[in-house]
Amino acid sequence: MERNLSTVKTLVQFITESQKHVFGASGDLSKILNDIAVAAKIINREVNKAGLLDILGMEGGMNVQNEEVKKLDVYANDQFISALRSGGQCCAIASEENTDIIPIENNGHSKSNYVVLIDPLDGSSNIDVNVAIGSIFSIYRRVSESGPGETVDCMQVGNKQVAAGYIIYGSSTMMVYTTGDGVNGFTLDPSIGEFCLSHPNLKIPEDGFIYSVNEGNYADFPREIQEYIYYCKTPDFETSRPYSSRYIGSMVADFHRNLIKGGIFMYPATAKYPLGKLRLMYECNPLAFIVEQAGGKAIDGEGRILDIEPTNIHQRTGIIIGSKNMVEKVEAFIQMNVGLNVYRLK
């Protein structure tokens, strides 16, 4: 059945209406969100026809994480950088694919007030097998005075974010974001080329029945995570256990499913990665901001993700994120094992 387009609220309309309720809003943040959406549409087009183009596979280089760079990673990175450069509201960009921040000299803009941190293509190891992948972004207000952005602008604690979101490229393409006033999801309607409000005021269920973790690393997990996984697998009628194990290997896809249905995603520190593996600034912080705005929790095993003081743009951390009661159950196991975990080196 065709929808009545007069009842559809596009992302542009939603952002414009929301801006009206913010005293003194300049519109700069709204423009950045729109620029990100434009880049996402272009990336979505290439993702959808990637199997028909010479854009799959390896690009040949290594990124700052010592991971092989895939062609679509490079393409996505270029699109976000181009969109944010041309917009004029962004003074610096930090990306998973770039060792250093990218300062932006905006001629004609006396003061560009924001910095954007991005993971251009999360889950890119799944590109070749047609599994859902995504992009993650985090936005901060600059702390330096003016001119091109500096490292200090990008190295802010997560609770200072002014906006964060992700785009998931799957059976449909969605953009989910927060500006600190709830979480809203928009689905790309290819017939009109616009993101349309499809999931207003998203809330993650307080309880869930899905746990997402790479159990291939079980032997390297801290004791409390091993015990929690055992708890998830143990039958119990009152708590509807055993829970379902669902792990895609794309953080955005796993997180998105758990946000909608309720669940927990875990990528803890391990013996091999004692400081964690996922990146704090452009993976964990933005998703932590979103989940808290949706009523969930995000911790690193010792405290709140959004309270971690960054020391490096590409800093890694463990993360446990999802439904409030499920994360708090992990915290209970952590408390029972205080002093016993040989892997916690922070």
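The backbone N, Cα and C atoms fix where each Cβ goes, glycine too.
The annotation Mg(2+) 1 binding site is assigned in Swiss-Prot to Glu96, Asp119, Leu121. The Mg(2+) 2 binding site feature in Swiss-Prot is assigned to Asp119, Asp122, Glu283; the stated evidence is sequence analysis. Look at Swiss-Prot and you will find Asp122, Gly123, Ser124, Ser125, Asn214, Tyr247, Lys277 tagged as substrate binding site, backed by sequence analysis.
The secondary structure of Asp119 (Mg(2+) 1 binding site), as reduced to three states from DSSP, is extended strand.
Taking Glu96 (Mg(2+) 1 binding site) as the reference point, the binding-site residues whose C-alpha atoms are within 10 Å of its C-alpha, out of Ser124, Tyr247, Glu283, are Glu283. The Cβ of Lys277 (substrate binding site) has 18 other Cβ atoms within 10 Å, all protein chains considered. Counting other C-beta atoms within 10 Å of each candidate's C-beta, the binding-site residues Ser124, Ser125, Asn214 are led by Ser124. Distance noted between the C-alpha atoms of Ser124 (substrate binding site) and Glu283 (Mg(2+) 2 binding site) is 14 Å. Neighbours of Glu283 (Mg(2+) 2 binding site) among the binding-site residues Asp119, Gly123, Ser125, Asn214, Tyr247, defined as a Cα within 10 Å of its Cα, are Asp119. When Cβ neighbours within 10 Å are tallied across all protein chains shown, the highest count among the binding-site residues Glu96, Asp122 belongs to Asp122.
Under the DSSP three-state reduction, Tyr247 (substrate binding site) is assigned to coil, being neither helix nor strand. You'll find the Cα of Lys277 (substrate binding site) roughly 14 Å from the Cα of Asp119 (Mg(2+) 1 binding site). Secondary structure at Glu283 (Mg(2+) 2 binding site), as computed by DSSP, is helix. In terms of C-alpha distance, the listed binding-site residues Asp119, Leu121, Asp122 place Asp122 closest to Asn214 (substrate binding site). Reduced to three states, the DSSP call for Lys277 (substrate binding site) is coil. Of the chain residues outside the Mg(2+) 2 site list Asp119, Asp122, Glu283, Glu96, Gly123, Gly134, Ser135, Ile136, Met251, Val252, Leu278, Arg279, Tyr282 have their Cβ within 8 Å of the site's Cβ mean position.
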